[in-house]
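J.: Take a look at this one; I'll ask things after.
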Amino acid sequence: MAAPYPGSGGGSEVKCVGGRGASVPWDFLPGLMVKAPSGPCLQAQRKEKSRNAARSRRGKENLEFFELAKLLPLPGAISSQLDKASIVRLSVTYLRLRRFAALGAPPWGLRAAGPPAGLAPGRRGPAALVSEVFEQHLGGHILQSLDGFVFALNQEGKFLYISETVSIYLGLSQVEMTGSSVFDYIHPGDHSEVLEQLGLRTPTPGPPTPPSVSSSSSSSSSLADTPEIEASLTKVPPSSLVQERSFFVRMKSTLTKRGLHVKASGYKVIHVTGRLRAHALGLVALGHTLPPAPLAELPLHGHMIVFRLSLGLTILACESRVSDHMDLGPSELVGRSCYQFVHGQDATRIRQSHVDLLDKGQVMTGYYRWLQRAGGFVWLQSVATVAGSGKSPGEHHVLWVSHVLSQAEGGQTPLDAFQLPASVACEEASSPGPEPTEPEPPTEGKQAAPAENEAPQTQGKRIKVEPGPRETKGSEDSGDEDPSSHPATPRPEFTSVIRAGVLKQDPVRPWGLAPPGDPPPTLLHAGFLPPVVRGLCTPGTIRYGPAELGLVYPHLQRLGPGPALPEAFYPPLGLPYPGPAGTRLPRKGD
């Protein structure tokens, strides 16, 4: 029995009568038969009608989205599986890419004019057909030949395009990355660097903060906070239409092994090289993945040499076949710093690679010159990786894999004191006495004696100071010490020499030519001098301490990078004396 109608006083019944399958509610009151008001049946009809309208609208939208997806430059198997949000994102990105590419040099665009009208494909020559097919597949062939993936970023740091080869090197999807922000895929500690490389943020002045090497990959990834990307990014005024870019970033990867990288787990170090087009405010670059860290997975060829270095780039061990490519043996390399063999013009780039190595855990250096013992140099390129020790998890070292790119060049050009002929060293061995002698008391016309708190005189003889052409008159009254009175054991290895006439003769205490048993970390070799000054290096020279030259690098002996002196004391032109003529900066021990 049906429930009583609420307004019937509880004594009536509600029945549904009608024919032909229709159900009409009626209210039987005493002596009356009244039609009941609209009930659940009419509401159900309205809901059904609304659902049908929404279903029809969604069907039309899906049809339009399907047609839009077919216009995307993607394979049909991929475009048919996209959702609506992905279709809209890829469509907007493609339109932005077309606008970005139209500003290229030369501008890129679809072929406006096809074959001549009325000329059927069958009537075209074989050469025209081959050329057309080649142009259609040219992009794919180029991507397959590149050892990396290509991508383009707009002014906001979003991927306008990224090649499908990114799945080979990072294991990520091209469809998911296109239109997304690059900051969603790079390490939080590299956000500031990417902003600077894109020209969206002015590089902050001051020295870089020395990173700390942590054995825990999870804790190291949380050291750097994600920088805020302001809505109104300050764009640097373009100094040129095209600017070259080369930097290293850590990008997410699903192909990295657990515990492989000590700096960040789940990230790969990518070497990004490309061009920043300032007028279009975008970056077109190529990303290279660096070789794996384990030597078991690294194919070693005949032109490759493996070094094991400390975090300060001191050589701990090297392969014996290093003598096949250089005139230096393992005994002459072990215990020395790599900076003692690097050409002076390449020292700045090696230092930057050193900073990136300590910060990101892996780096590839540019082309640099490695000094030889007999003079000259060889060209090298190295891939360095911070690896942990199997015995001591907290200890780390550097695997330095160098590719020998050339034979020895400039064999008759000495660039450092250890490259000088052996006759100079024999001249130093006139007396076998190993004990150093104290200099004479200060007299008029001679150099002053060192103070009590000054560093002790190094073992070796005093080299005669060659006065400059304009100072011959003033130096006539000054006497020179007898070389035989200061005997020393000859060891002119890894010392820095410059002609004394280049610098003004002020009371500066010269260092001995022969260094102590272990060279101090602040020694400066002649490779750091500019070619003009380095070309003046001859046997009759004098060597000064690094503070007199204004070029020191004690930060290279620490675990992390850091400036030793302000930028004014590291002049880009390689000037050996930063202060005014006739003056020098005070140094501890003088």
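Including glycine, each Cβ sits where the backbone N, Cα and C put it.
Heads up, here are the entries from Swiss-Prot:
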- 212-222: compositional bias 'Low complexity' (COMPBIAS)
- 433-442: compositional bias 'Pro residues' (COMPBIAS)
- 463-476: compositional bias 'Basic and acidic residues' (COMPBIAS)
- 45-98: domain 'bHLH' (DOMAIN)
- 135-207: domain 'PAS 1' (DOMAIN)
- 293-359: domain 'PAS 2' (DOMAIN)
- 365-408: domain 'PAC' (DOMAIN)
- 198-229: region 'Disordered' (REGION)
- 425-494: region 'Disordered' (REGION)
J.: DSSP says what for the domain 'PAS 2' (293-359): how many helix, strand, coil residues?
T.: 31 helix, 13 strand, 23 coil
J.: Let's see if you can do this one: DSSP helix, strand and coil counts over the domain 'PAS 1' (135-207), in that order.
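T.: Each residue of the domain 'PAS 1' (135-207) counted once, the result is 31 helix, 12 strand, 30 coil.
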J.: Helix, strand, coil residue numbers for the domain 'bHLH' (45-98) per DSSP?
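T.: For the domain 'bHLH' (45-98), the helix, strand and coil counts are 46 helix, 0 strand, 8 coil.
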J.: Could you give me the DSSP helix, strand and coil counts for the domain 'PAC' (365-408)?
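T.: Taking each residue of the domain 'PAC' (365-408) in turn, the totals are 0 helix, 25 strand, 19 coil.
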